[in-house]
Every structure is written in C-alpha cells, then in structure tokens.
C-alpha cells in the first residue's frame, strides 16, 4: 500500500506543480507549492524507509522472533520515520494555510490564516526537535531494547497522543476557516455546494488522524511492539498521502475545468467565468502583484482555453 499510494501522491503533486509552472496565469510556483514539494521529498524518503527499512527489518513480526541486531536496525528506522512523519504533517498544514491566503483576501481571515501558518511552523519545529532529542543519549532510543546501558526517554505514549490530538484539532480548524467564507462567495448555490464539498474532503484526513490516535492508545499497552506498530504505520501512511492529495485537488479541479469547460457552468450571474464578490475585488487591490496573479487563476480571463479559469476552481 505504501508504494501504490505513494505513487499516486507523487503523480498528483507533479501534475499540480507542472500546471502551476506552465499553464496557470502567473506561470510560477507559489509558497504553498514549494512547501508541498518539500513535503513530497520527505514522503518519498518515508516510502523507501517503510519498504526497505521497517518492512524489511521486522514490521509486522513478533518481537520475540527477532534477533537483537535486527531489532536495533528496526528501531533506528523507526526513529528516522517518526521525525519525518512529524515534519510532513506540519508542512501539509502549512501548505494549506498558505494556499488559503491566496484565495481569501479579507483582512480578518488573512490574519487568522497567518496566525495558523505561524502556529503550524512552531508546532512542527517543537515536535520535531522533541522527537530528535526524546532520549538521552539519543542512541538510547534504539539500544534500550537490547542493552542495559544507562539512559532515559520522554514518555513516548504521551508524546504521541499530544501530537495526534493537536494535529486533529488543527485539521478541524483548517476545515472550519475556509468553510466560514463560503457563504460570502458570489456564486450559485450549486457552486457553493461544490466549494463546501471540496473543503470537507479534509474531514477524511481528520478521521484517519483519529483512527491513528486510537491505534496509538492501543499501542501503549502493547507487549509486541514490532507487530502492533503495523497499524500505526498503516494509518500514518494513509494520513500523510491523503493529506497531500487533498492539497492538490484545487489544481486538479482547474485542469478538469479547462479540459471540460461545461463543468463550470451555473454561476449566479449566468456567466461561467469571472464571478467575484465586491469584497474580493476591493481587497485584491491591496494585494501584491504576485498575489493578484494567483487570484486571477480564480477569476475570469479571456483567450486561449488554457488561460481561462473558472471562479469555482477551489471547488
């Protein structure tokens, strides 16, 4: 599953990046695209570690059937995987926050989104640093199971629960913020429904995060960690990959609208393109040129079909 789901994620991210770079009005990558590219690099690394590291060295095996050297190698890979996973989650949320900044020009929502972006950065750095130095010495993380060397670690269960709980809360917040703006959009109710469904796809990631948290609670009482770690790895893989896929949906929507313009029909004004609220028009004047280029990808333009984008592109 890690390979198949990872392949889909890589393909969709590359399509998103190629579209933004060569076919969008601005023909450049935004900060959200660059962040998701960095996340993709981590995801590829995690997929390799999942297959060549964890799965090849004990994931899903009974711990008492493993020799000490194999167990040590497994835990080393698990250590790296844990750090990369925490970084991935924060980067996905940061990418979404930055993307919403280019969609919603309102002063209040932008302040909230900037605050969310800053929180995601601080949240990510704090948990990654804690994960790196969770044991003293660091090597005690993987030697504690096979040697009687001295050392100590933070409570890994409490650490995992705290991260998962905050992550779920952040996911809900990132769903609620854009949904709060849908009502103000000057769109036909069918388009508003499409926009709402688009944002609610993030709820699936939240559900997966909750299921992963449930597996962490079960893992806390495990006497067979290499066996029971499988469920955590399973939900973590789905969580990160689906999260990245969700960040690519707006670009995929644009591509579909350009290939099949009839999908964008039904705006309140009777036009397929160029529907924009007065608040967006006024606020866009205060944006930088680069931001206005990005907003133009959410508005009307005339000419070649590959230079014309429906306002409903975020749906």
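A Cβ is built for glycine as well, from the same backbone N, Cα and C atoms used for every other residue.
Per TrEMBL, the listed range annotated as transmembrane segment is 232-256 (candidates: 32-56, 57-81, 232-256). Ranges compared are 83-103, 272-292, and TrEMBL records transmembrane segment for 83-103. Distant neighbours of the signal peptide (1-20): 26-30, 33, 36-37, 40, 43-44, 47, 50-51, 55, 234, 237-238, 241, 244-245, 247-248, 251-252, 254-255; these residues of the same chain sit at least 6 beyond its ends, with a Cβ under 8 Å from one of its Cβ atoms. Across the domain 'Rhodopsin' (25-256), the prediction's mean pLDDT works out to 89.
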